[in-house]
Structures are given as C-alpha cells and as structure tokens.
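Each remark here refers to the structure printed beneath this line.
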C-alpha cells in the first residue's frame with residue numbers, strides 16, 4: 001500500500017466516521033434521556049437524503065403526507081383530552097402546530113417550484129418537513145409508554161423502524177438517489193485528491209458537535225435535558241416534564257439524522273432502506289461509548305468509519321462483517337471492566 | 001374561591017381531608033387531615049415506616065391519592081401532575097435529595113428555576129443571589145460538582161434549588177437525615193429563617209425535638225394515621241410524645 005491509497009482510504013473513513021459520530025451522539029442522547037434505543041435513527045438519514053433528492057427532482061416528497069397524517073393523529077388524540085379536561089386555551093396552538101403548519105407546508109410544496117430553488121432553501125425545506133417527524137413519533141409511540149421497561153421501548157423502537165422503512169419504500173420507491181455535490185472544489189493532498197464535499201462533511205459535523213456542546217453546556221434547556229438523563233425524579237421535581245425532554249431530545253436526534261442524510265447524499269447512493277445500516281454503524285460507535293459517554297462514542301464511530309474503509313479495500317466482501325464483529329471484543333471488554341448495574345426502577 | 005386569592009397572613013395554603021394512599025391493596029395512609037397556612041411551619045413527626053414520605057410524595061403528585069386536597073383555594077382534581085403543581089408553587093425536597101450529581105452547584109440551582117424560566121420569568125440570577133445569601137457555603141462551592149459535596153452541603157443545595165422556584169409551599173423530607181448535629185442546627189436555623197419570607201413549610205422529620213422547636217403546629221403520624229396533633233409547644237409537652245419521640249435524655253430513639 002502506498003501513501004496515496006492510505007490517504008484516500010483515511011479520507012473516506014473519516015468522512016463516514018464523522019457521520020457515524022453524529023448518529024452515535026444522537027443515539028447516546030436519546031437513550032440517556034428517554035431510555036429508548038432509537039433504532040429508527042438511520043431512517044431519518046434516509047428520509048433526509050431522499051426528501052432532498054425528491055425536491056431536487058421537482059417532486060413533492062411523500063414525507064409531507066406522513067407529517068400531515070401524524071400531525072392530524074396527534075391533534076385528534078390531544079384535542080379530545082383537552083376537550084374532556086376543558087382546557088380550551090391550549091386548543092389553538094395544538095391545532096396550529098399539528099394541523100395548520102403541516103397543511104401549510106404541503107400547500108407550499110405544491111405551489112413552489114422546489115426543483116428550481118437554491119440549494120440552501122431546499123435543505124431548509126427538507127429539515128422543516130422531516131425533523132418534526134421526530135417529536136411526533138415520540139408523542140405517538142413512546143410518550144404513552146414513558147415508564148415502560150427498556151425492553152418494551154426497544155420493541156416499540158423496532159416497530160417504528162420497520163414502519164418507517166415500509167413507508168420509505170412507498171414514498172421514494174425502490175430506486176436509490178444521489179444528489180449533486182454541494183461544492184465541486186477539489187484539492188490535492190500529498191498526491192491524493194481531496195474532495196471539497198469530504199471537507200464539507202467533516203467541517204459541518206464538527207460544527208454541529210460544537211453546537212450541541214454549547215447547547216448542553218450553556219442553555220437552560222440543554223441543561224434540563226442533561227438533568228433528565230442524570231436524575232429523572234429530580235428533573236420532574238424541578239418542573240421539567242419527561243414528555244418535554246423526550247420531544248426535545250427526539251427533535252435533536254431527528255435533526256442530526258436529517259442533517260447527516262443531507263451531508264452524505266452526494267457521496268453515496270441512498271436507498272429507502274440504507275438508513276438502517278448507517279444507523280447501525282453509529283450504534284456500534286455508541287456501544288463503544290457504553291451508550292453513556294459522548295466523546296468515547298464519537299471516537300468509536302470514527303474508528304468504525306476507518307475500519308470500514310480499510311476493510312473495504314482489503315476484504316470488501318467482508319466489510320460489514322468486520323465492522324460488526326468489532327462489537328464483540330468491545331462488549332467483552334465492557335462487560336469485564338464495568339460492574340453490572342441493575343435497571344433502575346422508576 | 002377567587003382565581004387569584006389575595007395573600008393574607010394565615011391564609012390557608014393547603015388543606016387535606018381524608019387523604020388515602022395505597023400501594024396495591026396495602027393502604028399506606030388512611031384518612032389523614034392536614035392544614036398549612038401561609039408563613040407557618042407545620043411538622044409531621046413519627047417513626048420509620050409511618051407513611052411520612054408517602055404523604056409528601058402523594059401531595060406532590062408523585063403517587064396517586066384519594067381524598068380532598070385544596071391547594072391555594074383550588075380543589076385538586078384526581079389527575080395531579082408534578083409539573084402543574086411546580087408551576088403553582090409547590091416544591092418538594094425529597095429525602096434522597098435527587099441532585100444532578102454531575103452538574104455544578106450553580107447549574108443545579110439554575111435548574112431549580114427551570115419552570116419559572118419556561119413560564120417567562122428571567123429573574124433566576126437575582127433569586128440565586130438570595131439563595132447564596134441564605135447559604136453562603138453554596139456560593140463558595142458554586143463551580144463544584146454536586147456529587148462531590150458533603151452531606152450537609154447537599155442538603156443545602158437541595159433546599160436552595162427548591163427555593164429557586166420561589167415556592168409558596170416548601171415540603172422538606174427529613175432534612176436532618178444523616179447529618180452531623182452542628183449541621184442539623186444550622187439547617188433548622190435556616191428553615192426557621194425562611195418562615196419570615198412567608199413561605200409555608202411542611203417539615204417531615206424523625207428528629208422530633210428539633211422539628212417541634214421551630215414548628216408552629218405538629219402532627220404525629222403512626223402506621224398511616226394521625227395519632228396526635230396540636231400546636232408544637234403543646235405536643236412537645238405531651239407525655240405521650242415525650243415518651244415515644246423525645247425521650248428523657250437516655251431514652252432517645
């Protein structure tokens with residue numbers, strides 16, 4: 001192997017690793033705050049990439065119908081409860097956020113020539129359409145089970161994942177899509193080409209991680225999420241409702257997923273079911289961090305990315321096998337070094 | 001039952017009648033009656049397992065209860081949620097303190113004001129200064145992680161954090177638990193001082209002597225029922241209380 005190949009593979013590995021790191025952070029966050037192992041994390045990657053691709057092809061992305069449908073379901077469920085409890089003042093915001101805005105977005109998508117809009121606007125629209133699915137899914141699937149054991153939450157999580165894959169096939173079809181790169185710039189680094197898109201992915205991921213750090217360290221809502229992860233009862237006594245923390249947390253997770261999807265859409269072809277594998281690699285990173293440590297999870301994810309790219313060069317048929325086999329020594333090491341903690345009773 | 005009751009001295013903050021709480025079929029509290037007025041310290045004393053913590057948890061909405069609960073002039077429905085009660089000015093300092101161990105003292109305090117921040121009050125820094133005035137020790141430790149504090153400092157932080165919400169009813173569960181006598185004295189001095197701010201305090205204690213000294217009114221809770229109640233001076237002089245809870249120097253429990 002010469003330096004050129006090493007650099008190319010390293011570059012590739014770090015790019016993918018940066019995406020896995022983002023997903024690993026989202027998984028750790030969701031697990032810490034809600035105790036949900038968020039399997040559908042990868043679906044947000046695929047939904048983000050494919051929604052952007054659909055917009056660029058001038059089509060109305062199917063995800064908008066999911067947004068409208070979930071919003072309407074929530075409006076009906078919560079609306080009845082509010083009517084029964086005679087809390088009429090909360091009805092207008094409920095209807096505006098869950099019915100009005102999704103319908104407005106749908107109307108906007110039909111009226112606007114989405115394919116001709118500038119890229120940043122298409123990205124914004126993608127975020128606006130897909131990210132709200134996160135808190136909506138929390139409201140419908142997880143909030144009613146907030147105090148259920150981790151295993152029940154995991155089963156629901158798998159169900160959400162399967163449903164989202166099926167809907168993905170319905171919305172986007174079986175063909176994959178690839179969006180044009182955000183930038184055509186290319187550099188040369190020690191004889192190996194360095195794509196502008198690669199640099200963009202790494203820089204954007206790093207910026208997002210720094211942004212998340214400030215959110216958790218400097219804002220009261222970020223601190224409230226950390227507090228919920230640390231001590232659920234304590235957080236409730238401070239008036240931090242678990243439902244608010246859950247919705248906020250899934251909003252972040254969905255945003256991270258969609259953002260990752262938008263970033264990698266120009267690098268790899270994304271299919272309706274590609275998200276699962278990408279999410280799973282983020283999950284390997286998160287496991288290396290014990291679903292608890294953010295920095296270790298991020299580093300682990302970058303390791304996964306590098307391992308993947310080097311093994312695809314040396315033994316491409318075993319690429320996935322090698323990556324997922326990594327989890328076995330990690331789990332062994334974890335179970336030998338950490339003492340077993342019984343699941344906390346609520 | 002006006003919507004914004006004017007606050008007088010001695011206005012009833014919390015009135016509880018026939019409160020019952022059950023864990024499955026086992027009833028932990030039966031027919032407990034209790035009244036707390038503004039600016040008053042009411043104490044509930046009793047042995048281990050009498051239902052004192054259960055009483056506070058049910059008042060705070062952490063456990064379902066039946067019976068009549070009137071808070072700030074509003075009859076409470078059966079669906080009592082912790083978050084709603086916090087918004088209405090009720091706070092609980094639980095027996096286990098429930099601090100955010102991996103956060104600094106300052107962040108713990110800040111989160112005490114989370115609900116006020118969320119409902120549009122941005123005075124958390126002034127409130128924190130007031131808390132620091134009450135607990136100068138916390139100001140010295142403001143950057144330290146809560147998990148590294150001593151037992152007394154943790155109790156101070158738990159109380160300070162509760163005060164950040166500017167409560168109308170402050171409920172303290174065994175604030176003296178596991179603390180050295182000198183620290184207990186300090187904590188109780190501060191509780192007595194808090195009374196001047198007009199907050200109503202419901203103090204649950206096993207340390208009956210210290211509790212009755214600062215309280216205005218007391219209840220004795222035994223096996224889930226109120227066995228005795230009265231002004232604390234009278235309770236402290238009651239032979240039954242002396243016998244069971246105060247002892248005569250050598251008979252302390």
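Cβ coordinates are placed from backbone N, Cα and C, and glycine is handled just like the others.
Small disclaimer: the values here were computed from a predicted structure and weren't measured.
These features come from TrEMBL:
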type     : residues  : note
TRANSMEM : A:20-42   : transmembrane segment
TRANSMEM : A:62-83   : transmembrane segment
TRANSMEM : A:95-113  : transmembrane segment
TRANSMEM : A:119-138 : transmembrane segment
TRANSMEM : A:150-174 : transmembrane segment
TRANSMEM : A:194-216 : transmembrane segment
TRANSMEM : A:248-271 : transmembrane segment
TRANSMEM : A:283-306 : transmembrane segment
TRANSMEM : A:313-333 : transmembrane segment
Point to revise | For the transmembrane segment (A:95-113), sequence-distant contacts whose Cβ falls under 8 Å of one of its Cβ atoms, 6 or more beyond its ends | key: 58, 60-61, 64-65, 67-68, 71-72, 74-75, 78-79, 125, 128-129, 132, 136
Check your understanding: Does the transmembrane segment (A:194-216) reach the transmembrane segment (A:150-174), going by 3 or more CB pairs under 8 Å (6 or more apart in sequence)?
Key -> no
**Study point:** CB contact flag for the transmembrane segment (A:150-174) and the transmembrane segment (A:62-83), at least three pairs under 8 A
**Key:** yes
Study note, to complete from the structure: Highest Cβ pair tally under 8 Å against the transmembrane segment (A:248-271), stretches A:20-42, A:62-83, A:119-138, A:283-306, lands on A:119-138
Check your understanding: Near the transmembrane segment (A:119-138), which residues from the same chain, at least 6 beyond its ends, have a CB less than 8 A from one of its CBs?
Key -> 34, 40, 44, 47-48, 51-52, 55-56, 61, 63-64, 66-67, 70-71, 74, 98, 102, 105, 109, 160, 182, 246-255, 257-259, 262
Study note, to complete from the structure: Counting Cβ pairs closer than 8 Å to the transmembrane segment (A:20-42), the top stretch among A:62-83, A:283-306, A:313-333 is A:283-306
Revision key, fill the gap. Near the transmembrane segment (A:62-83) in space but 6 or more residues beyond its ends, with Cβ under 8 Å, are 47, 51, 54, 90-91, 94-95, 97-99, 101-103, 105-106, 109, 129-130, 132-133, 136-137, 139-140, 167, 170-172
